[in-house]
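Reading through the structure tokens given below for one structure.
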């Protein structure tokens with residue numbers, strides 16, 4: 001691996017920023033001396049925020065549609081339950097689609113995956129703006145979901161490409177910022193458009209917005225996938241190249257800076273443009289530690305979806321709100337989520353540093369570190385668990401304020417608390433998923449989306465019937481108590497997670513060693529076959545030489561015989577003349 005280029009990364013970024021440790025240096029975990037990424041801190045922030053803006057379309061496409069549900073049901077002459085089904089199918093595809101795109105992006109790069117996602121998404125939005133029947137709405141919403149949902153996993157992949165675990169909390173906060181802005185501004189924009197222009201203009205707005213971003217992305221956002229560009233210093237293939245990448249490459253050539261041949265060879269060997277395969281995501285989902293985190297975070301998000309999907313039905317029925325007013329109801333929830341995104345990242349990084357000092361673990365920025373012997377589960381979940389309980393308790397209280405039809409301020413305040421607590425906890429568990437699956441950030445996020453969206457789809461499908469049968473208060477109480485009853489599993493994860501992770505790593509190491517030995521055996525056999533083949537060829541050449549020599553000798557004998565015969569014939573003629 002080559003050192004980062006000096007003109008791209010300041011010296012302060014190259015030098016490990018190590019804090020005091022309590023253990024002797026010889027007993028501390030070893031961090032790599034090579035810079036994790038050649039991008040500077042301002043460049044990292046710009047890249048992460050740009051990728052996050054691309055991820056805003058998935059949550060925005062979910063919520064921008066919600067204030068118009070009643071109007072759409074009336075225009076298409078279908079029940080509200082059928083319109084809610086379009087939300088359910090959207091969430092199902094939102095969970096399944098990233099499984100295909102994540103593994104593809106981890107091998108072929110982020111840019112080709114982004115391009116595919118936005119082409120599908122823009123085409124689906126145009127179709128949705130033009131359609132006027134329920135069947136087309138249902139199908140095109142699925143296509144819209146398939147296009148937009150992959151960008152969330154890709155955004156997490158970009159963060160993991162250029163940011164280490166020690167500083168990941170702040171950067172994930174940046175990604176959460178735009179992901180939360182989607183649910184905040186989406187219902188407001190959707191309510192305004194549905195009220196004054198008609199609900200179909202919602203999809204024209206998304207078409208224009210996404211096409212504008214796509215042009216910006218196509219020109220400027222660089223490739224970051226480590227299997228394609230390494231630490232960012234390796235020029236990517238033409239399919240992955242951006243305008244800024246071309247400019248950086250020309251500057252390097254002009255300055256006479258050469259690319260590390262060893263790193264470039266390793267990167268080119270790993271580059272694969274494969275057909276999308278969900279297997280990598282399913283493998284992560286099948287891991288016991290990852291599966292436990294996925295189920296708990298997915299169940300939490302299911303409660304959030306049940307809350308946000310039920311808002312148009314409940315506030316329209318209880319308070320008589322129109323589409324614009326329904327859109328404004330989402331502001332407190334979004335504001336709480338936004339504040340959590342801005343504040344939780346610092347708490348995550350602070351707790352990481354606290355555990356690192358306690359365990360004598362070196363704190364280094366912009367350096368890759370092996371977390372095998374570090375209690376990353378405890379460092380993350382100690383932050384998440386308080387927020388998880390706050391979110392679920394506020395969900396119970398929210399249901400009962402609506403059940404008793406209290407003053408509007410009551411449910412709005414509780415929506416703020418619910419948004420703050422639940423989104424902070426989900427953000428922490430999303431980071432933990434990336435931490436325990438190094439090198440597979442996009443696939444880990446896709447697995448997260450799978451559980452989140454499938455459980456969320458189930459909750460959106462049953463929330464209105466449950467409210468009608470059980471009442472608002474008992475519906476949200478039941479959902480939150482189920483999560484609280486399962487929460488001890490996260491306490492067990494803090495205790496046994498490091499051991500499970502170590503066992504998994506040892507198993508993977510044994511597999512890699514077996515593959516290496518097999519490859520070495522095959523290489524030796526191949527070399528032996530080549531040597532044997534070379535000997536055969538050499539023997540054939542020698543045989544051909546002998547044959548050619550024999551033929552040449554025979555030809556010489558023939559010539560001598562012919563001369564001798566000619567001489568004898570000449571003497572016979574002379575004898576006859578005499």
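Note that Cβ sites are derived from N, Cα and C of the backbone, with glycine treated the same way.
TrEMBL annotations:
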- 503-520: compositional bias 'Basic and acidic residues' (COMPBIAS)
- 47-497: domain 'Major facilitator superfamily (MFS) profile' (DOMAIN)
- 1-26: region 'Disordered' (REGION)
- 503-556: region 'Disordered' (REGION)
- 46-68: transmembrane segment (TRANSMEM)
- 80-101: transmembrane segment (TRANSMEM)
- 113-130: transmembrane segment (TRANSMEM)
- 136-159: transmembrane segment (TRANSMEM)
- 171-193: transmembrane segment (TRANSMEM)
- 199-221: transmembrane segment (TRANSMEM)
- 292-315: transmembrane segment (TRANSMEM)
- 327-348: transmembrane segment (TRANSMEM)
- 383-402: transmembrane segment (TRANSMEM)
- 408-429: transmembrane segment (TRANSMEM)
- 450-467: transmembrane segment (TRANSMEM)
- 473-494: transmembrane segment (TRANSMEM)
Residues from the same chain, set at least six apart from the ends of the transmembrane segment (383-402), whose C-beta lies under 8 A from its own:
300, 303, 307, 314, 318, 340, 344, 347-348, 351, 410-411, 414-415, 417-418, 420-422, 424-425, 428-429, 432, 472-477, 479-481, 483-484, 487, 490-491
Take the transmembrane segment (292-315) and find every residue of the same chain, 6 or more past its ends, with a Cβ under 8 Å from one of its Cβ atoms.
63, 66-67, 69-70, 80, 84, 87, 91, 183, 285, 321, 325-326, 329-330, 333, 388, 391-392, 395, 398, 402, 415, 418, 422-423, 425-426, 429-430, 432-433, 436, 447-448, 450-452, 454-460, 463-464, 467, 472, 475-476, 479-480, 482-483, 486-487, 489-490, 493
Within the same chain, where does the transmembrane segment (136-159) have neighbours whose Cβ lies under 8 angstroms from its own Cβ atoms, ignoring anything closer than 6 residues to its ends? I mean 6 or more beyond.
47-48, 51-52, 54-55, 57-59, 61, 72, 76, 85-86, 89-98, 100-102, 105-106, 110, 113-114, 116-125, 127-128, 168, 171-172, 175, 179, 224-225, 430, 434, 441-446, 449, 453
Would you call the transmembrane segment (46-68) and the transmembrane segment (450-467) in contact, using three or more Cβ pairs under 8 Å, pairs 6 or more apart in sequence?
no
Range from 80-101, 199-221, 450-467 with most C-beta pairs under 8 A to the transmembrane segment (113-130):
199-221
Could you give the mean pLDDT over the domain 'Major facilitator superfamily (MFS) profile' (47-497), rounded to a whole number?
84
